[in-house]
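Undergrad: Supplied in structure tokens, the structure appears directly below.
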């Protein structure tokens, strides 16, 4: 009985570790608006990692929904709002961004995720940088 229990426990831990590669990960993003004087550097968390998936050989005979593969995506998230410094009065200086609290492997939801294969490399500043100074949760 003890050996069976230990083997079950070991199997559960192994599967748990294999399935937990989709986790909240620290990410630095740069936010700027054309009208504002500064670029804001923000530290947040995003969902990143690997999900178990399989490629189906009989693609011609299956509906499109069966062909989608799981991606590492948000389970729970909140939005935070920051104020971009150096904006003129006629420009709204606020920017909201998601903060991942927990992640899951699932279908990519374009309502709140970028579902492209390779992102365009735009995470840089062209203006002087300011660190995240003012922010509040929405």
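Placement of Cβ uses the backbone N, Cα and C atoms for every residue, glycine included.
So Swiss-Prot lists the following for this protein:
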SIGNAL    1-20  signal peptide
DISULFID  22-72  disulfide bond
DISULFID  36-87  disulfide bond
DISULFID  39-125  disulfide bond
CARBOHYD  43  N-linked glycosylation site
DISULFID  47-103  disulfide bond
DISULFID  51-105  disulfide bond
DISULFID  108-115  disulfide bond
Undergrad: Please state whether DSSP places residue 125 (disulfide bond) in a helix, a strand or coil.
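TA: For residue 125 (disulfide bond) - judged by DSSP and reduced to three states - the answer is coil.
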Undergrad: Taking the Cβ of residue 47 (disulfide bond) as the reference point, list residues of the same chain whose Cβ is under 8 angstroms away and which are at least six residues distant in sequence.
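TA: Within the chain, residue 47 (disulfide bond) has Cβ neighbours under 8 Å at 22, 23, 24, 25, 72, 73, 74, 100, 103.
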Undergrad: According to DSSP, folded down to helix, strand and coil, what is residue 108 (disulfide bond)?
TA: coil
Undergrad: Just how many other Cβ atoms lie inside 10 Å of the Cβ on residue 87 (disulfide bond)?
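TA: Other Cβ atoms found within 10 Å: 16.
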Undergrad: Fewest neighbouring Cβ atoms within 10 Å: which of the disulfide-bonded residues 22, 36?
TA: 36
Undergrad: Looking only at C-alpha atoms, tell me how far residue 108 (disulfide bond) is from residue 43 (N-linked glycosylation site), rounded to the nearest Å.
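TA: About 23 Å separate the Cα atoms of these two residues.
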Undergrad: Let me know how many other Cβ atoms fall within 10 Å of the Cβ of residue 51 (disulfide bond).
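TA: The answer is 16.
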Undergrad: Can you tell which of the recorded positions 39, 43, 87 lies nearest to residue 105 (disulfide bond) in space, using Cα positions?
TA: 43
Undergrad: When you rank 36, 51, 87, 125 by Cα distance to residue 43 (N-linked glycosylation site), which of the disulfide-bonded residues ends up on top as the closest?
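TA: Nearest by Cα distance to residue 43 (N-linked glycosylation site): 125.
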Undergrad: Given the disulfide-bonded residues 39, 51, 125, state which is nearest to residue 87 (disulfide bond) when distance is taken between Cα atoms.
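TA: Going through 39, 51, 125 one by one, the closest to residue 87 (disulfide bond) is 39.
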Undergrad: Which residues in the same chain, at least 6 apart in sequence, have a Cβ under 8 Å from the Cβ of residue 125 (disulfide bond)?
TA: 30, 32, 39, 41
